[in-house]
Amino acid sequence: DECFSPGTFCGIKPGLCCSARCLSFFCISLEF
């Protein structure tokens, strides 16, 4: 399955972010 890159909207399908966490409906990268 494809995953969303950081900064992508994920409100509809949370938990599908690539190496990121869905916060405030957007994928937020865990590494800064």
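Including glycine, each Cβ sits where the backbone N, Cα and C put it.
Database features, via Swiss-Prot:
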type     : residues    : note
DISULFID : Cys3-Cys18  : disulfide bond
DISULFID : Cys10-Cys22 : disulfide bond
DISULFID : Cys17-Cys27 : disulfide bond
MOD_RES  : Pro6        : 4-hydroxyproline
MOD_RES  : Pro14       : 4-hydroxyproline
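The distance from the Cα of Cys10 (disulfide bond) to the Cα of Cys27 (disulfide bond) comes to 6 Å. In the structure shown, the C-beta of Cys17 has more C-beta neighbours within 10 angstroms than that of any other entry among the disulfide-bonded residues Cys3, Cys17, Cys18. A separation of roughly 5 Å, to the nearest angstrom, links the Cα atoms of Cys17 (disulfide bond) and Cys3 (disulfide bond). Distances between the Cα of Cys27 (disulfide bond) and those of the recorded positions Cys3, Pro6, Cys18 are shortest for Pro6. Distance from the CA of Cys18 (disulfide bond) to the CA of Pro6 (4-hydroxyproline) is 7 Å. Here the CA atom of Cys3 (disulfide bond) lies 12 Å from the CA atom of Cys22 (disulfide bond).
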